Amino acid sequence: MTSFSLVALVLHILATSSLAQCKPAPRPTVAIDAGAIAGTTTAVSISPSASSSASSSATINKFLGIPYGAPPVRFAPPKPAPAWHGTYDASHFKPTCVQKFNNPPAARNLSIALFNTPPPPGQEAEDCLSLNVWAPRDAPAGSKAVLLWFFGGGFSFGSGSLPLHDGALLAAEQDVVVVTFNYRTNVFGFPGDASIPPGERNLGFLDQRLALEWVRRNILAFGGDPRRVTIFGESAGAGSVDALLGAPPKGGLPFAGAIMQSGQASILVPNNDTAVSWAKLVAKAGCPPRDAIACLRKIPAQKLKDIAEKEMLTFSPQPDGVTWAFKERLDRLNSAKGNSSFARVPILIGSNADEGRHFMIRQNDTSKVLGAVPKEIADKIVSAYPLGSPGIRTPNDQMTAIYGDLSFHCPAKVVAEDSAAAGIPTWRYLFNASFPNARFFPGSAYHASEIQLVFGTYPRGGATPAQEQLSRAMRTAWANFAKDPSKGPGGSGGAPDVLVLGNGDKAEVKTVKAEVLDKRCALYKPLIDQLTGVKPGLRAV
């Protein structure tokens, strides 16, 4: 061989080797019932743990923007996504459902800053019924527990693609499959027209059920075990989870456990806000009441959104006996003897120590919260939160504490007690942490502040070792529950004991007797019993 040909051969080998190295790795592809989808892989850095001083990484597959529903018809129930030809590109998020942030401007801006910053990628659209899957790479079919996330937002806003809800770290570190999804909210998810059959008005709830059914049919392809699906959500998302417990889909339970963070659907004050808001929307849009649906379907979504925000309209789900039981608390209590269709799966329920902080900002008038409560009871409640007592320095602190107990802390206690009394495996937690890099309400474990620790999406800038330690403990607890709900999250023997997560800026985790935390809840119990039709002393029957 001549020196020239030898050089040519070497150059050829180097060139082909270089091309091989530059060739992109094959994308993860799975087959689901609607067709083939191609996602992407990503390496996730995992911080050192208490048992290991070394950082590590794990590779996961992520599939984003998978349609679980067809483009929905406005004000109509969802339908499954049609099949497609070829391979669907699941490399990026799809549009978020239309969100509504009500005026006045100060409240609107605070809601956006707290719950929508940074915002979900992309735009808003009515064609939004998609979901996202994060799964360990090369997971054998059916080998991993599944966590299905229901976002909060007061049924007015929210998205499954918020950076706050990124499932990469939770999936990689805890070896689970994480799924998030969009569902319709506000007027597009909960219209109030009386001509709509009652079982078809809670469209957002129907979207959720369709997503849950998609998971049952398809999660095996991603390595998930359809028999080990835990549904979990926060605020309105927690209420959605509880509604599914009270009115589960027919044909076998599509979930094995439920986690409710700062929300429930068993103890809520009935209202007529949706019907009143619907009438105002119809009038402002210039539509005839008798033909409102057809007329509103012709109006651009942005205009309806603008009207609803300007007029501060409220659209929320209503009990219908199909997607939300009429007497959920009684059904939970009566489920012990099989006297209801209630889903008797293990639950983890909890609240945050300072739930009322952002709801009561600049509020000092107790009538804003207790106006409908008989004066004698209201006076007793106010007197139980005296100025100068621990954590109550100002009238606003007083309002914040009352609202948090009335709306979140004590209802969580009642739901936990009812579940345990009915023989349902039950665990309860209290989140009580705040770290120096908090963007809002320093020193406060405010509403929704636990989410970033559950997903591990807290800001890394200014983060402390204690913050990572507590976040890891919570990620592990939530994943432990999903892997075997019957054993709970670990660290607690279950209700009535309460697992306290955090202590200010410390990563302390301890078990506390419920009576230590719930002293004021006795004030609200008669109101809750009256509201839910439960006679004093009633237990599982």
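Note: Cβ is positioned from N, Cα and C throughout, glycine not excepted.
In the three-state DSSP assignment, the secondary structure recorded for SER235 (active site, acyl-ester intermediate) is coil. Per TrEMBL, active site, acyl-ester intermediate is recorded for SER235.
For GLU355 (among others), the entry in TrEMBL reads active site, charge relay system. Taking the Cβ of GLU355 (active site, charge relay system) as reference, residues of its chain lying under 8 Å away and at least six apart in sequence are, in sequence order, SER262, TYR403, GLY404, SER407, PHE408, HIS409, TYR446, HIS447.
All protein chains considered, the CB of HIS447 (active site, charge relay system) has 27 other CB atoms within 10 Å. As annotated by TrEMBL, active site, charge relay system applies to HIS447 (among others).
Marked as domain 'Carboxylesterase type B' by TrEMBL: 53-484.
Here TrEMBL flags 1-20 as signal peptide.
A 10 Å cutoff on Cβ-Cβ distances gives SER235 (active site, acyl-ester intermediate) a total of 24 other Cβ atoms nearby, all chains included.
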